[in-house]
């Protein structure tokens, strides 16, 4: 009886069996060539795969920028739209009496505005700590979540819901927008790394790219971000256009007792009628509108959470936290010694002044005061579209000196401020409404040049990833201080407001030009030294010299025995050194010394 062939060949059989060849004719079993089994794929092209890998990385960076921009736009648009609708409804005395009785809604609104405007004053104390503790992306997510919390409390308008949420919102303003500015700058730097990966491989992973190399990408990304951001003012008017405008009286009723507008006015809408609603909106309709706004706020949270990638690698996040929480707290104050920041502070203040003047002085003191509350939304839409379109003008920095966009925006605002200083439109007259729209669009153009130019300038001047969160915290903190000052001076005459705006603009422009002149003369800015990270956990990653967690700036300091590029303002005098330096004192500790906790040969003396 003939034996049946084995289903599986015996391991280690002496010689190949008749079926030990696959369909391609390659022998199997012990006679199979080793290269065919463990060798590289024959059609594998390493250079092409590397190119595809970094192309996916670049597309990921673009996705991060678009997601962060869209999330910021939706968040700020929902906040402004809800606050505007809420203040208009609460202003109407019939609405207050019918809906809330003697609950004291004006007092609640005033305390809510105090919480939003006052709380950012202390943000310089905790913003860097929060950003370093949570990380840039998670700080953005937390800030957007607090904005969504503020929206959700309007379902039940009481003192114990509105005021605490307004205080939390005020505390989140500076951390959110500082982390946003830091995030966009980091994305530009990462895009440069993924575009010039071959140069980085040739130079080595610890070698920093040339200064200013990421500036073109930063200009493009900031233009994208602020094009989206300025659209938030238009998005905020959608509840007014599609819902609240149907309930408003016309200008003949609301402006009946208004006597003067524009430069002759004092405070905000003196003489404006106390009843602005022709009929009261149903509670069901208000709940529907607030639910839509809540859904949009939730969508913004999902965009930041799901589509925004990390701004730093995990080892970089560890380094940023490991400099010590006391140092993180002090470093924003220590950066005041940098003359570049001192010269830019007037521009930071003016940046807060001008955006609030557009929403209150121009839109209310000139617009609503003369053409009625029902046209407020259209004026702010004109401002928003002008600013969003003009944000692309920031790309002029690719071909022109960086001073041109910033100074051009300041010059445009200077001309508009002078024109508004001598213009007092008549109440209830619509013949001059085209002038208001032109002024709103041109003011938006100046705002776009201002915001885009400032953020791009900060990203170019401060390329060190260890400093960027401090710098953007200082920028947005000064903006918050300016907004608080505008809130305190809301009852001043319009001429006083325009005079303060004009003086601040002139001081900001002169100070900025002085800074540029110093930089052209070669004056070296004095920056505080960033301490070396002190890792308390000595894992395997900290024992490898090639995979060190030191930051880029420390890699440069490695050759200079601990001196950073901006540690001192005065350069050492040329000539021979006073004495020879020991050869071994500046070398880096070996992995064994790191594991033992030592810092090199200097500890052995």
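Just so you know, glycine gets a Cβ as well, placed from its N, Cα and C.
The region 'Disordered' annotation in TrEMBL covers 1-31 (among others).
Annotated transmembrane segment per TrEMBL: 61-82 (among others), in sequence order. Same-chain residues lying 6+ beyond the ends of the transmembrane segment (61-82) with a Cβ under 8 Å from its Cβ atoms: 140, 143-144, 147-148, 150-151, 154, 169, 176-177, 180, 183-184, 187, 190-191, 194, 221, 224-225, 227-229, 231-240, 290, 293, 296-297, 299-301, 303-304, 307-309.
Among the features that TrEMBL reports, transmembrane segment is placed at 112-131 (among others).
Residues or ranges marked as transmembrane segment by TrEMBL: 138-156 (among others).
Counting only same-chain residues 6+ beyond the ends of the transmembrane segment (162-184), those with a CB under 8 A from a CB of the stretch are 64-65, 68, 72, 75, 79, 108, 111-113, 115-120, 122-124, 126-127, 130-131, 136-137, 139-140, 142-144, 146-147, 149-150, 152-154, 218, 221-222, 225, 308, 311, 455, 458-459, 468-469, 472-473, 475-477, 480. Summarising the annotation, TrEMBL assigns transmembrane segment to 162-184 (among others).
The transmembrane segment annotation in TrEMBL covers 217-244 (among others). Long-range Cβ contacts of the transmembrane segment (217-244) within its own chain (Cβ-Cβ under 8 Å, at least 6 residues beyond either end) map to 65-66, 68-70, 72-82, 84-85, 88-89, 180, 184-185, 187-189, 191-192, 195, 281, 285, 289, 293, 359, 376-378, 380-381, 383-385, 387-389, 391-392, 394-395, 397-398, 444, 447-448, 451-452, 455-456, 459-460.
Tertiary neighbourhood of the transmembrane segment (286-312): same-chain residues 60-61, 63-64, 67-68, 70-72, 74-75, 77-78, 81-82, 85, 135-137, 140-141, 144-145, 147-148, 151-152, 154-155, 182-183, 186-187, 239, 243, 320, 465, selected by CB-CB distance under 8 Å and a gap of 6+ residues from either end. Positions annotated as transmembrane segment by TrEMBL: 286-312 (among others).
Residues or ranges marked as transmembrane segment in TrEMBL: 347-368 (among others).
Sequence-distant contacts of the transmembrane segment (380-399) (same chain, six or more residues past either end, CB-CB distance under 8 Å): 215-216, 219-220, 222-223, 226-228, 230-234, 236-237, 358-359, 362-363, 405, 437, 440-445, 447-449, 451-453, 456. The feature transmembrane segment is assigned by TrEMBL to 380-399 (among others).
Annotation comment: TrEMBL describes 406-426 (among others) as transmembrane segment.
Remote same-chain residues near the transmembrane segment (432-449) are listed as 226, 230, 354-355, 358, 362-363, 366-367, 370-371, 375, 378-380, 382-391, 393-394, 405-406, 408-410, 412-413, 416, 419-420, 423, 425-426 (criterion: CB distance under 8 Å, separation of at least six residues from the stretch ends). Among the features that TrEMBL reports, transmembrane segment is placed at 432-449 (among others).
What TrEMBL lists as transmembrane segment is 470-490 (among others).
Through the fold, the transmembrane segment (496-515) approaches residues 263, 339-340, 343-347, 349-350, 353-354, 357, 361, 403, 406-407, 410, 413-414, 417-418, 420-421, 489 of its own chain, all at least 6 residues removed from its boundaries and within a Cβ separation under 8 Å. The transmembrane segment feature in TrEMBL is assigned to 496-515 (among others).
Here TrEMBL flags 525-605 (among others) as region 'Disordered'.
Annotation comment: TrEMBL describes 554-566 as compositional bias 'Basic and acidic residues'.
In terms of C-beta pairs under 8 Å, the stretch of 112-131, 406-426, 470-490 lying closest in packing to the transmembrane segment (347-368) is 470-490.
Beyond its flanks by at least six residues, the transmembrane segment (470-490) meets 113, 117-118, 120-121, 123-124, 127-128, 131, 173-175, 177-179, 181-182, 185, 267-268, 331-332, 335, 341, 344-345, 348-353, 356-357, 360, 454-455, 458, 462, 496-497, 500 of its own chain at Cβ-Cβ distances under 8 Å.
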